[in-house]
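> As annotated in TrEMBL:
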- 311-330: region 'Disordered' (REGION)
- 341-404: region 'Disordered' (REGION)
- 370-379: compositional bias 'Polar residues' (COMPBIAS)
- 386-403: compositional bias 'Polar residues' (COMPBIAS)
- 473-714: domain 'ABC transporter' (DOMAIN)
- 847-865: transmembrane segment (TRANSMEM)
- 877-897: transmembrane segment (TRANSMEM)
- 926-943: transmembrane segment (TRANSMEM)
- 955-975: transmembrane segment (TRANSMEM)
- 995-1017: transmembrane segment (TRANSMEM)
């Protein structure tokens, strides 16, 4: 590479003899020939530059033209030829230029510009030509050849170098200054003793020594004085012109650059004021975002209004149809009664007149009798009955007829004309069908108030009720023990939870009620389970039935930025069978909304802690409705009536009883229900302290059982409250029965084995039954054993590790699907998730606007503070940009998964696709990933006005934001929001620096080299 660089100067040697004579025509011809020789070196130079500097130079030929295209700009050569008669002997050879650049490259980032000692300049030989800005000539007997590899002896007739050339310290020859530099002869500043505009000094004691030309040409950090100053442009290396108004000139400019439109440029300025472009850009971007938001919101609002009108019309039509049918039934009943009375009177008269003819005409109606039996209105002009009357008459005369109400009004014509509503296309038709079916079901409920599960099964054969797969849960000696602590929280539980029945689990606090339900649902974590849980009499995992199992948690895990209907509809779409027609899905959602009393708030946002929505009781009912809309076969609820008033609790229990009539196995935990609610349950489970069963059986027999063991219910006392007080030990029965004996009495009552440590209670019970003296119970040592802090800490850590391990195993657990239900696949669930998350993002527009505003402020501040010059290119501003953009975008990306993590766990446990959830989140966040770099650069770029283009800055920031978003996803999934932010800050800024300072192993260095900040800074450096 050095050979090609040096030839810039040495190719002029053959023409020096003619130029030395001072002929101007010869000088001009000589200058043109110099350029032709320089141009011939382009190919070789391009190859060398690509090999050495290809990582930052895109077009080497273009860079060559910009630096060494001296065509028409060789006046500095003409002047030097006229000034120096021995110009030929002062130009550096290829060996000297190679030696100079090798010294610079070996010094690297050092600010030193000294050349290594050579044969002309060393400790024993240091002529005046070795000083900066000076050069010497060679002897006459020295043959200068451009291909020489040896530095010639050059110590004769030392003089200041010509302007337009630079003479480095340590060499005694001249090198041509490139275009964009300003290399005039220096002038001595008598005040400072420095040769201006350069920074070298005259050697002391040398009275005849004066300032020469430039002394060094290297990187701008080491030789900034040689480049054309900002605010001016240099057509040649010896002429500098100030920039005029309307133009700007950067460092090293060879011509002025015109300012863009809408930007301003003062005289002698190096940058243009582009604030107007930034303002226009942010206005345009804001307008576009507001337009997208308003259009999307308007479309959704218009759609919701249309659906509300269609729904209201369909509900009104269904109510009118039901009322008309009811009136028709009443009228028909009255008409039947009148007709029967008339026939009865006619038959009585004819019997009395025809007493002697007992057999003649038996069973026949004479014509006169037939005519007399007709209503008076049938004579004369008879009005044609309406279509509605015809349908009613058809239904009354033939209840099994397949003909009925028109599908659009919702009555049954399903089996013949439209199987399962598949022929319904418009939204209005679907709603009419759904509301018609709901009105019909209400009528059936009124006619069959005492309908049992067996009655529902028989009615299902007629197509009235769709039954579900049956799930029966049986527990045999079920015991749960906490891992790491060996504490028993559920013990020796036996019994069955039957389908078609509503079971309640009650007991004092800490009795293991929630643990019992968690064990049944397969959600017990950090516990060792012994005994058996049988599903339909088989040893199978309940996870095999998770698609038809519903679990309502104690906390109301509902999306607050969705409406009630949107929450229910999403759960129904993702969890109902994929082949179920849309009308049936709509019917299920509308039925749940109707049964839970959510009609008036269906279009209301559920709300969050920060933004209030519906009431707590309504939120609780929505929480239950999320599981009811998927038509489960097993429904487990953890305290569903907490926070509900008596009316809401009764409404919820009625809805659950209706589910039970369809064969659903329902089990729930309750605290102190009213007597009315208590009587609405079919079975009850009382758990005593320690997780032992005190009663498990029908509600109708619970009072009889406890009265039989000497615990009657006092007058005007709620039975469940009394039993819980007994189990808690707050009330002591007069019969002497203690709360510790109740689990043992139940075991003995059902023939279950009694644990060894409880046999003394069995002896007490036997002794009290025989009337003998009751032996004193040896109390177990329940006092906690004092443990050291280290042991307690170790036990807690083991327990937490076991819980986390169980959570991980549950995530990757794969079981055989026995539910016989095929839910929508990943692609369809992805569409549902995109729609839901898109709505949530639109309703969180204010929060997103705050994120954009923070980016705008950060861009404006950093753009204003960043000092962009040609020495540092604003590198400090880019470093702060990486920190600011990474931090702000990371905080926003953390919200994507950290805020609804509980919702994800609930949906994932129900069988909803995690992949679809993640892909939808990432798809919606792509919009922010694309827009946020634009928002930041709209301020930063036009305030700092860097040398690189807007597109290159945007490309680098886009990659940064996308990478940061992915890393924030991982942190949000594995950490809570607070620790996630702390881990991010440490990993992004502190760890690489600390590690490099401590241990510089190759692996650590490679890790830091591949870190995000390092890669982004390198990309920015390449694009500058």
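Backbone N, Cα and C atoms are what each Cβ position is placed from, and that goes for glycine too.
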> Should anything in the same chain at least six residues away from the transmembrane segment (877-897) have a Cβ under 8 Å from its Cβ atoms, list it; otherwise answer none.
847-848, 851, 854-855, 858, 862-863, 865-868, 904, 921, 925, 928, 932-933, 936, 940, 944, 957, 960-961, 964-965, 967-969, 971-973, 977, 980-981, 984-985, 988-989, 1012-1013, 1016-1017, 1020
> Residue list, the transmembrane segment (847-865) vs rest of chain: Cβ under 8 Å, 6 or more residues beyond ends.
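Distant contacts of the transmembrane segment (847-865): 282, 289, 841, 877, 880-881, 884-885, 888, 891-892, 895, 928, 931-932, 935-944.
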> For the transmembrane segment (926-943), find every same-chain residue at least 6 residues outside the stretch whose CB is under 8 Å from a CB in it, and list them.
274-275, 277-278, 281-282, 285, 289, 848, 851-852, 855-860, 862-864, 866, 877, 881, 884-885, 888-889, 892, 950, 953-954, 957-958, 960-962, 965
> Let me know the model's mean pLDDT on the domain 'ABC transporter' (473-714).
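A mean pLDDT of 89 is what the model gives the domain 'ABC transporter' (473-714).
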> Mind checking how the region 'Disordered' (311-330) divides into helix, strand and coil residues in DSSP?
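Split into helix, strand and coil, the region 'Disordered' (311-330) gives 20 helix, 0 strand, 0 coil.
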